[in-house]
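K.L.:
Please read through the structure below; I'll follow up with questions.
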Amino acid sequence: MLLSAIAHEGDRFCEKEVSILFKDLFSKKRKYATIPSERTQPTKMNDGVMTKCPNCKTIMYSRELKKYLSLCSECGHHFRMTADERIESTIDAGTFREMDVGLLSGNPLDFPEYEEKLTRDQEKTGLNEAVVTGEGKIDDYPVVLGVMDSRFRMGSMGTVVGEKISRAMLQAEKTNTPLILFSASGGARMQEGVLSLMQMAKTSVALERLNEAKIPFISIMTHPTTGGVSASFASLGDYNFAEPGALIGFAGRKVIEQTIREELPEDFQTAEFLLQHGQLDRVVHRSEMKATLVQILKIHGWSQEEGDKNESQSSI
Amino acid sequence: MSHNLPFEKPVVELQNKIDELKNFTQEKDINLESEIKHLEERLQDLESQVYDELSPWERVQIARHSERPTPLDYIDYLFTDFLELHGDRLYGDDEAIISGIARYKGRPVTVIGQQRGRNTKENIRRNFGSPHPEGYRKALRLMKQADKFGRPIICFIDTKGAFPGKAAEERGISEAIARNLVEMAALRVPTIAIVIGEGGSGGALGLGVCNHMYMLENATYSVISPEGAATILWNDASQAQQAAETMRITTPDLNAFGIIDGVIPEVRGGAHYNIEKQAAYIDQTLESSLNELLGFSSEELRNQRFEKYNQIGKIDM
Ligand SMILES: [Zn+2]
């Protein structure tokens, strides 16, 4: 693998080489790759034939669960979705073209055992990193889509996640196409230290471009969206949605309890809590997600054929 | 100085011994000049040994020193006509962040910074420099004001992080920080940030998306505190020292990562040993940085920020 090598000079990074944190696995010509077939394998999140709902304790066939958007048939509990399941449930069949498949993390801090952890998660998930980005269509409306997957390093944002999201934003700007991001993240990626923190800045300068170009950005926070992802792009959609029951917040519950020495309400930092405190536009049930997205795309008047606004909208 | 750090002990002991001998010489009228001279030479060597190659953990301790100068300390030396302005116009005034207008070498500027208390009472009022959403929103309000009137913005960063509290979450600390990042990217005036103490995670970055970023030599900038990192990594906060080494949070690393535009030298032993001299060091960097940025058009300033953050941690496209 072309995992990047970070050269050392004494104890310090060489300035030139430190910037080589990752490399495209594929040649420049292959800017896009269609989603590889092994990537569409079923999730391993709920291994086994049967799955038990953590909310109502109903036991159901895992296969049935997958068929119904990973929603509990009894109580509607939203199970976590893999990136591939999310793409499949959101994007018109056969229209998704993944971007930047070959971006792989290096180990910029020489952090002990980081490479091993990345490899393990790559094998476990079939993903190269904690976010999948690409272009596709929703009810024929072209969109740029990013989906984070919490199975990969808890969806934490390292340099590759930041880079892919940033590139997705710039692609949306370049092609004048609405951007939709499904967040799922434990926050910063510890093993990349302050470089992980800087991804908040990197995605923000890209998002500023998108704002300037007046291209809509729909942010959907799924379980969990916390820390640095919550405190950057995920909170800055033109539309901020969340799935029911999703954990969304800046600081961890335990840290807060220890700091203020007070027990927190049970619904603290849930999507419903955020809605109540004015931090969300809506809590959107997964079964209505696609329809909601389409409704917004329609209102914005993006044409279904071209990645461009249609006549009636731009003449207003 | 009233409060010395553990690793400074040999220096302090030798210094005390020299002081004693000097007193003794005066009182008893005995000439110990050659001994004193000899010890003073040894003190110089010892000081170089102790201070010239500080370990990350020693820097962390200096950055957290209770007498570490705060924004308000530096403002006295660097600016004239500072007028503090309060409140976010939405909910309240967060005293963990101070902000106002001033003149820098005659030029109107806006100054913002995270402000610890300089004693316990003030620390409580200022929440130990850990801002709530109101702090970031006040900062943003004054940045927009600066933008409107074409004033450069200078931010001093010194915080363990945004406050992890119930109220902060209820009032949208995530959104407050996130909004600052994007709005700061869009500003049409020069923006300069200087990490003067601890640059703690998103709470620091909330004032830190800028054209030029500098750090004092012993300042830190990190995604998580060494204690927090140690807890996550080894389930043991007492391994913070080890975590400080592993996480690469001090100036040599930040410089090598290309995250900062320069390191501002510190007074030997730390800024608290001589605030006036430290302010003069800051002044030098600030002046040249601002002069450079004043040559940029507003569009160039915005583009410079984009390029700067867009390239962190990568090469190929
Ligand atoms: Zn259920």
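Using the three backbone atoms N, Cα and C, a Cβ is placed for every residue, glycine included.
Nobody curates TrEMBL annotations by hand; they come from automatic prediction.
Marked as domain 'CoA carboxyltransferase N-terminal' by TrEMBL: A:49-315. Under the heading zinc finger, TrEMBL lists A:53-75. Among the features that TrEMBL reports, Zn(2+) binding site is placed at A:CYS53, A:CYS56, A:CYS72, A:CYS75.
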K.L.:
Determine, for the Zn(2+) site, the additional residues of the same chain whose CB lies within 8 Å of the mean position of the CB atoms of A:CYS53, A:CYS56, A:CYS72, A:CYS75; present them in sequence order.
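P.N.:
These residues sit around the Zn(2+) site: A:PRO54, A:ASN55, A:LYS57, A:THR58, A:SER73, A:GLU74, A:GLY76, A:HIS77.
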K.L.:
In sequence order, which same-chain residues at least six apart have a C-beta under 8 angstroms from A:CYS53 (Zn(2+) binding site)?
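P.N.:
In sequence order, A:ILE59, A:MET60, A:CYS72, A:GLU74, A:CYS75, A:HIS77 meet the Cβ cut-off.
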K.L.:
Out of A:CYS56, A:CYS72, A:CYS75, give me whichever of these binding-site residues has the highest number of other Cβ atoms within 10 Å.
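P.N.:
Ranked by Cβ atoms within 10 Å, first place goes to A:CYS72.
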K.L.:
Per DSSP, what is the residue count of the zinc finger (A:53-75) in each of helix, strand and coil?
P.N.:
6 helix, 4 strand, 13 coil
K.L.:
So what pLDDT does the domain 'CoA carboxyltransferase N-terminal' (A:49-315) average out to?
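P.N.:
A mean pLDDT of 93 is what the model gives the domain 'CoA carboxyltransferase N-terminal' (A:49-315).
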